[in-house]
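Colleague: From TrEMBL, here are the annotated features:
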DOMAIN    8-224  domain 'CWH43-like N-terminal'
TRANSMEM  7-31  transmembrane segment
TRANSMEM  54-74  transmembrane segment
TRANSMEM  94-112  transmembrane segment
TRANSMEM  124-142  transmembrane segment
TRANSMEM  162-182  transmembrane segment
TRANSMEM  194-219  transmembrane segment
Amino acid sequence: MLFMEGICFLPIFLVIWSSSTFIVSYLIALFEHDVDVIFPYISDTGAKPPESCVFGLMTVITAFAGMATMYARYKFVEKFNEKAGGVPPALNQAAFWIGMLSCLGMCFVATFQETTITAVHDAGALLFFVSGVLYTILQSIISHKAFPYGCSLALCRVRTGIATIAFLAVFPTVVCAVFVTQTTLHRKTVDEDYVFHLVSAVSEWIVAFSFIFFFFTYIHDFKKFTLKLRTQFVDYS
């Protein structure tokens, strides 16, 4: 079974859970008439209860699943590099810590709703998106440096393509959001900043699902290895 090979259950769980986080909170918010059907911000779908409770809980779990997956990827590259080389350890460490920052930003997004403490929420979202894009770029570089021993050339190109899409989409996400002046969850086409909102929101969804598809490519690598926890007793007496 696919779930039983290596530790591929980590990226599989992350992909399924993170996708469900966005979709479930959106459907609840839509059912409660708290957001519009056409491309609300992801954070809009978790701004009011009850969807805010679901969004917060599921996003925090997503963040911790992301941390576990990134740590496993870091250890995989570290162990692989001991035998094959090609990947500078500093590059692997930089990718890991930048990935941790993106997960931290996700936790801020989950716990500080945009309608309550907007400044902290926006700072967390910026940290999440920028660090997340940098993580995908660095991991794409690592994949190419590890080729042909790490993964296939086709998979390297897929990761590079996804990272490129995320990189291109993060700019309109951030830049257009600056020009969005209204904070209401319901938007109208006659609003002066509606175009900026629409471009920013669409780009935000593209970036978010780019991350999901990027972690989906980890399943192939994670089938090849396992992680073991070793305890050692130290007598300080």
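Cβ from N, Cα, C; glycine included.
TrEMBL entries are annotated by machine, without manual review.
Bear in mind that the values here come from a model prediction, so they are computed numbers and not experimental data.
Relative to the rest of the structure, where do these features sit?
Modeller: Long-range Cβ contacts of the transmembrane segment (7-31) within its own chain (Cβ-Cβ under 8 Å, at least 6 residues beyond either end) map to 37, 40, 42, 44-48, 50-51, 54-55, 58-59, 61-62, 65-66, 68-69, 72, 205, 208-209, 211-212, 215-216, 218-219, 222-223, 225-227.
Within the chain carrying the transmembrane segment (54-74), a Cβ under 8 angstroms from the stretch's Cβ atoms is held by residues 7, 10-11, 13-14, 17-18, 20-21, 24-25, 28, 45-46, 92-93, 95-96, 99-100, 102-104, 106-107, 109-111, 113, 135, 139, 215, 218, 221-222, 227, all 6 or more beyond its ends.
Taking Cβ pairs closer than 8 Å, the transmembrane segment (124-142) reaches residues 43, 70, 73, 77, 87, 91-92, 94-95, 98-99, 101-109, 112, 150, 156, 159-160, 162-163, 166-167, 170, 173-174, 204, 207, 210-211, 214 in its own chain, all 6 or more past its ends.
Using a Cβ-Cβ cut-off under 8 Å and counting only residues 6 or more beyond its ends in the same chain, the transmembrane segment (194-219) has close neighbours at 2, 8, 10-12, 14-15, 18-19, 22, 38-42, 66, 69, 73, 129, 132-133, 136, 139, 155, 158-159, 162-163, 165-166, 169-177, 179-180, 182, 187-188.
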Colleague: Average the per-residue pLDDT over the domain 'CWH43-like N-terminal' (8-224) and send me the rounded value.
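Modeller: Looking only at the domain 'CWH43-like N-terminal' (8-224), pLDDT averages out to 91.
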Colleague: Hey, which bits of the same chain come close to the transmembrane segment (94-112), Cβ under 8 Å, at least six residues off its ends?
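Modeller: Hits for the transmembrane segment (94-112): 43, 46, 55-57, 59-60, 62-64, 66-67, 70-71, 73-74, 120-121, 123-129, 131-132, 134-135, 138-139, 142.
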